[in-house]
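Enquirer: Okay, here's the structure, questions in a sec.
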Amino acid sequence: MPESVIAGIPVHFPFEPYNVQRDYMEKVIICLRDGTNGVLESPTGTGKTLSLLCASLAWIRTRQSEHQQQMIKLKATSKEGGPGSGPGGDLSELAMTVGQANNWGVPKVIYASRTHSQLNQAMRELKRTAYANMRSVVLGSRDQLCIHPEVMKEQGNSNKVNLCKLRVHSKTCTFQLRVESKKDHPDFRGPSIMDIEDLVRVGQKLKMCPYYASKELVAQADITFMPYNYLLDPKARKANKIELGNTIIILDEAHNIEKICEESASVQIRSSDVAMAIEDVTHIMKVFTSGESQEAGGDEPKDFTLDDLTLLKEMLLELEKAIDAVVVDNPTDGTTYPASLMYELLGKANFTYGNCATIVALLDKLVQYLMVASQHMTIRKGGTFTMLSDLLTIVFANKENIMSKVHLSFKVHVQVEESNKQQGKSGAIQGKQQGWLGKGNITTTGTSSKAAKIVNFWCFNPGFGMEQLLNTQVRSVILTSGTLAPLKPLIAELAIPVAQHLENPHIVDQSQVYVKIIGTGPDRQQLISNFKNRDNPKYISSLGQTILNVARIVPDGLLVFFPSYPMLNKCVDAWQASGLWADISCKKPIFVEPRGKDQFTSTMEEFYQAIRDSKGAVFMAVCRGKVSEGLDFADRNGRAVIITGLPFPPLKDPKVILKRRYLETNRTKENQLLSGQEWYNLDATRAVNQAIGRVIRHRNDYGAILLCDSRFQDASQVQQLSKWIRGHLGARPQSSPFGPIVRELRQFFKHAEETMKQPDVREEEQPLMNVCKVEEVGTQPVIPTIKQEPGNNATFRKANKSAIKVEMANSINSWTPADYASAAGRTLGKAAPNAMDFMSRLDSNVSSIDFNCSGSADSGSGGCGSSSLVTIHKRERSSPGVTDTVATQTTKKRYKLAENIKTEPKSNSSQQVKVAPESRADFLRELRSLISQDQFRDFGKVLIEYRSGTDENFESLMTVLLDVLAAPKMRYLFIGMRRFLRNEHKAEFDVRLASLNLAQESSPNKRIP
């Protein structure tokens, strides 16, 4: 690999580095050499991660070589009888021994990022370099690395952690016991770089625990990869035995570092948590006194006594009483108190700095006891004890000698907890607040001090966490990301001394990027997604028309980012109702960002597959969502990005209000903190910068960035955009008329395709086979040349190819507003709704797509273009039924997607066995096309009721299923319903199905009720 000398250090880079990469590596090396801190911004696509790894490891390798030479020289001097011989010889030997034990004093690197996917990406980059032989390890969670089958069966990460600890403590985990004997195995020690997947694979091969084995590699590793929380959370650092002295800390993707620092120091406790903890302690005490302890926890001696339990219960009762006594003046929004309230509440219950460690140890023992007992009886598994342990650990991590700073940096916010809010049997509560506070769990009635409360202990000073990190005697801290600007307020908030800072330009030429502010749509309606205008039907329509016009021009992938899930959902609903959704789908199939992990992966795969088609695809996502954070849309995957608005945090959210108030109170000329309003604006702009960074991913990439909100014309807003974006907008950015933008955009892509190096030719789409079923609707088909047998002529194949693209778009149509519930309005203890959940789909206006052959090619309307043979007819739930739709189009054939069903001529003597579609969306579409609207309405109603979980609802469901799907021709759909039932009902379902088949065989002509 080419070698470049940068800041006096030879750096091996996979290719000749560009100037921006040289500048970046120079800043990194200077920080490491001088032991100082740096804040470095380099746009996504400039090789930031590669430069970071090569520069830091080149410096480490140079230091290793220098120290090795020093030790060799010292050893030689000692042997030659030099100054180190004789009485001083022992000193030389001691120096060499200590040097070897500490890798000759060479610092180690800790590379931290937000997610494991980002860490895996960094490790893949490392494998491409000349430093791939340097020792590295990644630290992951038990959820990712545990291979014990019993532990992995547990639901919830906390349960897995506790059961793992229990098995290790009791020496019953054979995988962990093999670590000592297998840790030097060549398969484990051989590879220099092993990511999560590598560790799991080797662990399964050697039947050795990957989680504990990875910790064996840390001591000898030159670079350790880990997520942020392992590094910034003192509790996690202690659990993972992470030593930070003389360590180089690299925080990649650090644009969210302030929030992460704040959240790692924040915690929450509910009245219901304390109440359940009291119940759990009481239960254990009853077991002790009733002689059931052998059945519950075995006959081995306990690590705690009845006196311990009695004392703990008394403390919890006092804590419950103290929380109940807190007055909430405003039941809707809650009441804010100084940080001292949290220490007062705990003090009243005798939780103090002095006994904190002892109580935390007791709580951990109780958790392990309940994990054992839960194997023999139905009880909670100690989630509330874990929550209490986290509370005490975080609150008392703030030492008494810095309490004055704690009072400035923290606030206690108390709100009313819904009386009917039950945490369930698991009792597992998340101790740390995630994201902005949701207000869905606040009741609006009553101010009684006896009402259940939620007590939030919130940190608003990210510098508090960073200061604790610096106090561990680290050598250097480097914060880096593609979107850190503006740097001054970031440095001021983190309150760390920064010697090196950098704002790199982009690696691409000006001609490779087209950036415009679109302040008005094609109809000259102002585009502004503020609170007053976001419900304006004219605005929503104009935004849809803008996206439609851009989709006609942009080749391949088009990304559209919305400020929030509710706004995305609102637009989707409006466009579906008006027909704009169908118009956009004609140009490109549409994908919408789901919120479930599994659905997200499959949706992304479908999107990438759709990009191979000549039409490309549209992906609609949300700022701060998964798509905007770290995903790669290089080349054809993302040729343009549309930003539809500024994603401001909820203005009236208590946490937002308190953050703004904290900044206004503590802002001085000396500390250069942002004002509350500046922070509020910057939080939105940083999310925009992240979304923009999805499209330009490397030196030869090109794309367009369209800012579809007139507020981007404000100079204050533009100044917070990344430096390379500001260069394209100029000193006084102005919105351009829509017409000229369309012409310029078309010319930009035409010029780019002619002059820029294009990626490899896309794979040709496989022809769509056996998915179009022709139903005879009228006696005079519009295109008589289309035959029943698919693929027999070019015209049919062309229509076929178009149909599958539109079908992919249709899979999104049945998503509902509930699937995109606002993060600000979500109940704190409630899981986010699953956008792909089968039951949730039944609450929506399920759309049906008919593929009708165009009958008027010369009319210029009603199709996807003059050459298209497929048109879309959208039918809402309130629209006429299938029979009505058919009746109005008696001269056409209707092509309806029926997955995996081959079209064959009907036979009176035999009938082909059908199988229900595997996709839930396809299942619903096919069912709806075969039954009446009233039947489908009844079907949806009982399915929604079935979710409540009672046997009566199962009986109601079966009654409707037998009424709707009992006919022989519908039997395949009846059978297909089985996979959507809960496990406890599947056996009964099989009995009903067998009875149904038997009745049909005995009376083939009799209708089954």
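From the backbone N, Cα and C atoms, a Cβ is placed for every residue, glycine too.
Just so it is clear, the model here is predicted, and its values are computed rather than measured.
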Enquirer: Choose the correct range: of 240-243, 252-255, 536-539, 760-763, which one does Swiss-Prot annotate as motif 'DEAH box'? Give that range.
Expert: 252-255
Enquirer: Can you grab the distance from THR44 (ATP binding site) over to CYS146 ([4Fe-4S] cluster binding site)? Cα atoms, rounded to a whole Å.
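Expert: Checking the Cα atoms of THR44 (ATP binding site) and CYS146 ([4Fe-4S] cluster binding site) gives a distance of 33 Å.
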Enquirer: Can you list the residues of the same chain, besides SER42, PRO43, THR44, GLY45, THR46, GLY47, LYS48, THR49, whose Cβ falls within 8 Å of the ATP site's Cβ centroid?
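Expert: After dropping the recorded site residues, what remains is SER51, GLY482, ASN504, ILE507.
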Enquirer: Could you name the residues, excluding CYS146, CYS164, CYS173, CYS209, of the same chain that surround the [4Fe-4S] cluster site, i.e. Cβ within 8 Å of the Cβ centre of those residues, in sequence order?
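Expert: These residues sit around the [4Fe-4S] cluster site: ARG142, ILE147, HIS148, VAL151, ARG167, VAL168, PHE175, GLN176, TYR211, TYR212.
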Enquirer: To see if you understand the setup: which same-chain residues, six or more apart in sequence, place their Cβ under 8 Å from that of GLY45 (ATP binding site)?
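Expert: Within the chain, GLY45 (ATP binding site) has Cβ neighbours under 8 Å at GLY482, HIS506, ILE507, VAL508, ALA634, GLY693, ILE696, ARG697, HIS698, ARG699, ASP701.
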Enquirer: Mean pLDDT over the motif 'DEAH box' (252-255): what is the value?
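Expert: PLDDT averaged over the stretch: 89.
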Enquirer: Would you identify the secondary structure of CYS173 ([4Fe-4S] cluster binding site) according to DSSP, in three states?
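Expert: DSSP call for CYS173 ([4Fe-4S] cluster binding site): coil, neither helix nor strand.
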Enquirer: Cβ distance under 8 Å to THR49 (ATP binding site), same chain, sequence separation 6 or more: which residues?
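Expert: In sequence order, GLN121, ALA122, GLU125, ASP252 meet the Cβ cut-off.
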Enquirer: How far is it from LYS48 (ATP binding site) to CYS146 ([4Fe-4S] cluster binding site), counting Cα to Cα, in Å?
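Expert: Counting only the Cα atoms, the answer is 32 Å.
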Enquirer: Calculate the distance in Å between the alpha carbons (Cα) of PRO43 (ATP binding site) and CYS146 ([4Fe-4S] cluster binding site), and round it to a whole number.
Expert: 36
